[in-house]
Amino acid sequence: VLFQVSMGTMRHRRNGNFESSRLLYSSMSRSIDVSSSDADLVNFIQENFKKRECVFFTKDTKSMGNLCKCGYPENQHIEGTQINTSEKWNYKKHTKELPTDAYGDIQFENLGKRGKYIRLSCDTDSETLYDLMTQHWHLKTPNLVISVTGGAKNFALKPRMRKIFSRLIYIAQSKGAWIFTGGTHYGLMKYIGEVVRDNTISRSSEENVVAIGIAAWGMVSNRESLIRSGDNEGYYLAHYIMDDLKRDPLYCLDNNHTHLLLVDNGTHGHPTIEAKVRTQLEKYISELVIPESNYGGKIPIVCFAQGGGKETLKSINLAIKSKIPCVVVEGSGRIADVIASLMEAEGTLASSCVKESLLRYLPRTISRLSEEETESWIKWIKEVLENPHLLTVIKIEEAGDEIVSNAISFALYKGNTNEHDRDNWNGQLKLLLEWNQLDLASDEIFTNDRNWESADLQDVMFTALVKDRPKFVRLFLENGLNLRKFLTTEVLRELYTNNFSSLVFKNLQIAKNSYNDALLTFVWKMVEDFRRGLKRDDKNSKDEMEIHLSDECPITRHPLQALFIWSVLQNKKELSKVIWEQTRGCTLAALGASKLLKSMAKVKNDINAAGESEELANEYETRAVELFTECYSNDEDLAEQLLTYSCEAWGGSNCLELAVEAKDKQFIAQPGVQNFLSKQWYGEISRDTKNWKIILCLFFFPLIGCGFISFRKKPVEKSKKLFLYYVSFFTSPFVVFSWNVIFYIAFLLLFAYVLLMDFQKEPTVLEIILYVLVFILLCDEVRQ
């Protein structure tokens, strides 16, 4: 029987508080000036988000006072509430949705922390909630979601567990992840908040973690301060007081969470009602298809569980049913240890074995349960263990930084593996590449039972280059990727435009202008040509750029060198070495890299960056030395040809020119290089010939053809033997230099004699000769 109750005189607004309390806290809040974006946000929330109010008072016979089954007293129900005496209370039937009255920014008093919050119905659509966070709260689309569960009650946090949490937050920062917790300043959530705070202080604000707390509205202490005043139409700033000394069953919100979702089903003091919204939101995010995702098109989610009891077990169970992988910390106690111990069991898992494990790790909790409740626990655990590929266990005593990262990446990998069709290699490979898990990729994906085509690996190869994953690049090359086919003009343009540092380009321009160097000018023009294509918007211009790069730019005919230069300029140390090994003319490329890096180091303002460039330049010089030494020991003639080998990809320079310009003294000092220079110095004259013999032949020409000096090669035609010997002698650089020295000494002696001994009023013959010599010197200077 339902009786209509008039509550017109009641001015209390039922939200777990009395009107006087609400007015007290309302006076501590103020509205924020509404900008256009704030107005859009307010309109979006008012149209899409609701709260729940109990509209059927159902007396709770077990309570001491006049309380409804919803947890509120009768005088805190809204106007028009009916009395229910016959039906079992149910939120779907006995509450109704009304526009939400609590949303905006929350500022924690005396702490200066500020975040966003909203009260929402437990039946809120996940898509709407996700839109609020990404479109209106302007959160970046997450690359990863970490859902942390376990230990909702106060407990002493083990030092090793704090270290695990620190690594977890670091991963969230570096991967652009969202972290989901219970959002209260209690138990596990409190410690997570503290670690978030510590990491936020130690890093720049741009890297702040997105920590999203999802809590039950009816379990929040001091929630009256979050309710907007009736006359407030703008965006709202709520001042929230954290009262850690309260002894009631309600929890304070945690001040270190950035966003708070307060789930309302119309009840007060009923915990865990937020689990449904949290699970549905996680499932919705995990099913989203994001083309730009680093994980094969989807946003990965991992559940991270430690300790915990019934609610933690239910969370793990729901995650497994939603195909969300879980990482369980063995040694953290309670339900986490139960699952970890049963994971090691072999064969079919008996209920008695599960119960035995429960009694071992949760003796007091299990002893208080009825047989039916115990069976429910056993059923949930069995359902979890039916999907071992979604479970990853780490031991708390072994959990260092690498262990935690590896565990999460391995869990995500297993979660991305279909039990019946393991051929989801593309998504798995992208995931392992993102987490830099080379061993896992080698052991699990690149196995002998699959033949890889070059085209299969081109997408992940580009990602590996951009993310600087040299080991993966080498792995792809070893498994069939054709680097020449991969390096199209379009790929090179993408690397030099969207994945090339503006600072590097600026430093390259400064170096070009400072040193007026041919190689620097060539490389700068190449980069400029690629980047110029980015500035052209219409299709015809881009087509023209394609033709320009293909036909005129030498670098596009040498894509490997272009990729090598891209990696060298950006100081990608290990990556550049992998690419260097694939290039033709490795010695030339090493010396070119040495020259580029030394030139760039001189114009860098950052001392550390300049030092790294110098160090890498020296490494490439050493590589060039080692390679040339090996070549010279095998074949001297070919090694000497290598010194004069030039390539248009390096501006037409050869090894010797680059070594001299870079001042690579270690390379130039090599015996093979010195021998080559000696041969060039003496020309066709044999190096065994003594210098005094050559100088004597300068004055007694007939000695040249009499075998007084020896030549490296003997003419084939004996009739031209004498002529060729004279030509070879007088074109030798050493002979030319010697004549220059003799001529210059003679000029100085003649000049001194004319000036000091024979300076007449009228020009003498010697003076005229002196004029001729000066004119010859002038012409030679002009020639040079």
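Any Cβ shown, glycine's included, is placed from N, Cα and C.
Taken straight from TrEMBL:
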DOMAIN    116-375  domain 'TRPM SLOG'
DOMAIN    444-509  domain 'TRPM-like'
DOMAIN    536-670  domain 'TRPM-like'
TRANSMEM  692-711  transmembrane segment
TRANSMEM  723-756  transmembrane segment
TRANSMEM  762-779  transmembrane segment
For the domain 'TRPM-like' (536-670), mean pLDDT (0 to 100): 86
Structural state census, the domain 'TRPM-like' (536-670) (DSSP three-state): 105 helix, 2 strand, 28 coil
Residues outside the transmembrane segment (692-711) whose C-beta sits under 8 Å from one of its C-beta atoms, at least 6 past its ends, are 684-686, 721-722, 725-726, 728-729, 732, 734-735, 738-739, 742
Using DSSP, how many residues in the domain 'TRPM-like' (444-509) fall into helix, strand and coil? 45 helix, 0 strand, 21 coil
Lying 6 or more residues past either end of the transmembrane segment (762-779) yet within Cβ distance under 8 Å of it, the residues of that chain are 743, 747, 750-751, 753-754
